[in-house]
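Annotated features in TrEMBL:
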BINDING   His68, Ser85, Tyr164, Met165, Asn166, Ser185, His281, Pro282, Glu283, Thr298  iminosuccinate binding site
BINDING   Cys132, Cys255, Cys345  [4Fe-4S] cluster binding site
Amino acid sequence: MTTTTETYGVDPNPTPLALLLLGREADPRSERGVECPGDLPAASDPDLVERARAAKEKLGDRVFILGHHYQRDEVIEFADVTGDSFKLARDAAARPEAEYIVFCGVHFMAESADILTSEAQQVVLPDLAAGCSMADMATAEQVAECWDVLSDAGIADVTVPVSYMNSSADIKAFTGKHGGTICTSSNAKRALEWAFEQGQKVLFLPDQHLGRNTAVLEMGFSLEDCVLYNPHKPNGGLTAEELRNAKMILWRGHCSVHGRFNLQSVEEVRERIPGVTVLVHPECKHEVVTAADMVGSTEYIIKALDAAEPGSKWAIGTELNLVRRLAKAHPDKEVVFLDRTVCFCSTMNRIDLPHLVWALESLVEGRVPNVITVDPETEKYAKAALDRMLALP
Ligand code: 13P
Ligand code: SF4
């Protein structure tokens, strides 16, 4: 019998989507599944830790490694600083002497680092397939179309865009061009306060949950003040009157990790662990955040655990790598993951030790792999929006 690809049920002419899911080929319009070139060391190589250490040592101050809180332990071990997306953006900007910024996080974070660092610095993403499904939910074309819809409804002039850090450089540039600001989960309230001083309405991109949770739970707006703009429906699925009556126009995007926590997880953990404090990230659904005891960004979650009484019990609704590290760091407290089925952020997890070793060793050999560059025009407007965020009180 001849063995063909068809024998194994594999399409001999895979579609672009299939290739993307396999982490091959490239889609310049997507953060996901971009081909990662290069010979990676085997994951089973027992010398990986030593190789990473040796390469980092050889590079010295020429390299600065940033690690987002959702990265794997094996990667965090080599990070010069760890943080949430806000802290890492500031840390990257504060390191002008490092030639290479190796960003262990996802694509939009590396883009922001490129925007905030100097021309002489290069930002490296160890695996180009580390994108973000939320960022992919708002494309430049869709957002431009939305702005036309707002113009037709006569409200574009009084609407200020506020975009979550978790968005592409194109969306940040759109935001900057239209007088808006970027926000992160640590400063969303301040960003919204600023925006409502500039205009009467906010277009919040792309995470509906962070937008709704901040507006309703921290700013005193009602759920009726918020409308959901669906980019897949004509006019966003909204009438001009609905748009005119709204205060918050929320983009229909969400995080595929935090969006999976549900009310049942909260009820179940309360039953299982009496006296537990439920602490969740604001990317969770409104019903989950409302049922929780506390809500906050990853930095907030870390600080809350640091300040907690020994013996206290915590159920945390955020990415699993971080929750596991918190449980390990606080053996005197009971720290559990909020849900039994929600798993790691698959794109954050793409950065592993083989990719980090490959990136560092390439730099040692004089090759700069996986450089993330934002074109000057996009950078100019995206930087204006990021600078507004960094200047928020
Ligand atoms: P922060 O880093 O702002 O807490 O956002 C969480 C997240 O989902 C990052 O991808
Ligand atoms: Fe994107 Fe959510 Fe993963 Fe963050 S945790 S990178 S928002 S998918």
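Every residue gets a Cβ built from N, Cα and C, even glycine.
Quick caveat, the model's predicted, so the values are computed rather than measured.
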Cys132, Cys255, Cys345 excluded, remaining Cβ within 8 Å of their centroid ([4Fe-4S] cluster) | Tyr70, Val106, Ser133, Met134, Asn166, Ser256, Val257, His258, Glu319, Thr347, Met348
Restricting the binding-site residues His68, Cys132, Asn166, Cys255, Cys345 to those with Cβ under 6 angstroms from ligand 2 leaves Cys132, Asn166, Cys255, Cys345
Looking at the binding-site residues His68, Tyr164, His281, which ones sit with their CA no more than 10 Å from the CA of Cys255 ([4Fe-4S] cluster binding site)?
-> none
Reduce the DSSP letter at Cys255 ([4Fe-4S] cluster binding site) to three states and note it down.
-> coil
Tertiary neighbours of Asn166 (iminosuccinate binding site) (same chain, Cβ under 8 Å, six or more apart) | Ser85, Phe108, Cys132, Met134, Ala135, Pro206, Asp207, Cys255
Counting only residues 6+ apart in the same chain, whose Cβ is under 8 Å from the Cβ of Glu283 (iminosuccinate binding site)?
-> Met134, Ser185, Asp207, His209, Leu210, His254, Cys255, Val257, His258, Gly259
Distance between Tyr164 (iminosuccinate binding site) and Cys345 ([4Fe-4S] cluster binding site) at the Cα atoms, whole Å?
-> 18
Rounded to an integer, what is the Cα-Cα distance in Å between His281 (iminosuccinate binding site) and Cys345 ([4Fe-4S] cluster binding site)?
-> 14
Round to a whole number and give the Cα-to-Cα distance in Å for the pair Cys345 ([4Fe-4S] cluster binding site) and His68 (iminosuccinate binding site).
-> 12
Per DSSP, three-state class assigned to Tyr164 (iminosuccinate binding site) = strand
Simplified to three states, DSSP reports Glu283 (iminosuccinate binding site) as coil
